[in-house]
């Protein structure tokens, strides 16, 4: 690890007070988790919804934290420590100030990505596509909220050449704060879909919330939009109202600046022909699904807007494979033969459900194997929760998925809507019973996709199945 912040600079940035002398030394990292903190990292004792970092200050010091940042009103209860302590009125506010200082000192090109689906995948694709272009700083996992974004920004080295940030939200106003913090040069919206709908009056309000990303854009910044999205004109108008006319598009539309011309897919790879501002190129990659092709197209669009090498980006992106919870594929051994597991367990909404079912339909089982959709609830769908789940019946039928295994509350509506003829439907209320059913029902050649909202715990189903069955390389 390299030097990230001088102690004096960090103290000045957070407008804190030092207890004792300030070392003439450097911090090499910023952490809010005492479990994973590394030597020479500063620990910010943030108070969250379910924890208070002040309760873990001693643990952070024991794990070799080199500096601790605490609230002034916690000084007495924590007591003296063996490492330097900086005191502030509010630790989260201090982290935001450090993030702002990181942005102010940076010469990096900043890219911010939001959207109802595909944010993390697009971020990881872009990280790969720019890997030959310069030093990249990118948020880890899905650090896309009011804590994760400032933490990622505060961790950005001064010499980073590209910064890639994922901005998430579940309420109006959340992206507005994040985009003003990040101040992107390029702002991309993947697509608008009914995610977290229970927190909004309708999908139009979701589109408005996503458009907040434009408000923090640098004066000479660029917007990249999905030309195929039904809210394209709405979002373009939102950008124009803010005086932003540097708007580019990606999609299959003939009017898209970055256009998908053809897409050929098989079980193991995809081949797509694209047109990037009038220049054609071919991309071969290992991510199946039209939604993956759209993400790659958007990624190449950003590479083009940054004037980075498209040829190197295409070469690097060919190495992309979906992540855990977002389409990662496993081949698991049975006593006789094997089955294929597609892990889509991270989250779910109607758009991502359709995409996962589409991917399942494109992967051929071998022998007597079956295509099996293992589905749970889509959470935060509000008043339309039942109808959204019922709509999945038509999608499953249109993709000829004849085996559907369900667990959850809202999927009962789907169960009742599925055709009784030629459809093998199984339902278990309890997830532990569901796991036992899955384990005992798989046969050689099966291909299963596991998909639900994160709150349903289907990620634990995947983990337990991977523990039960040996992976085949």
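Note that the numbers count up from 1, one per residue, in the order the chain is shown.
Glycine residues also receive a Cβ, built from the backbone N, Cα and C atoms like all the rest.
The ATP binding site feature in TrEMBL is assigned to 115, 116, 117, 118, 119, 120, 121. Within 10 Å of the Cβ of residue 120 (ATP binding site) there are 21 other Cβ atoms, across all protein chains. In three-state terms derived from DSSP, residue 120 (ATP binding site) belongs to a helical segment.
According to TrEMBL, the feature domain 'Mur ligase N-terminal catalytic' maps to 27-101.
Residues annotated as domain 'Mur ligase central' in TrEMBL: 113-302.
As annotated by TrEMBL, domain 'Mur ligase C-terminal' applies to 339-453. Taken through DSSP, the domain 'Mur ligase C-terminal' (339-453) splits into 48 helix, 24 strand, 43 coil.
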Quick note, residue 121 (ATP binding site): same-chain residues at least 6 apart with CB under 8 Å of its CB -> 292, 295, 322, 323, 326, 327
Taking the Cβ of residue 119 (ATP binding site) as centre, how many other Cβ atoms lie within 10 Å?
24
Need the DSSP three-state call for residue 115 (ATP binding site) to compare against my parser.
coil
May I have the DSSP-based helix, strand and coil counts for the residues of the domain 'Mur ligase N-terminal catalytic' (27-101)?
28 helix, 19 strand, 28 coil
May I ask which residues of the same chain, at least 6 positions away in sequence, place their Cβ under 8 angstroms from the Cβ of residue 116 (ATP binding site)?
190, 191, 192, 193, 194, 195, 206, 210, 349, 351
Give the number of CB atoms, excluding that of residue 115 (ATP binding site) itself, located within 10 Å of its CB.
25
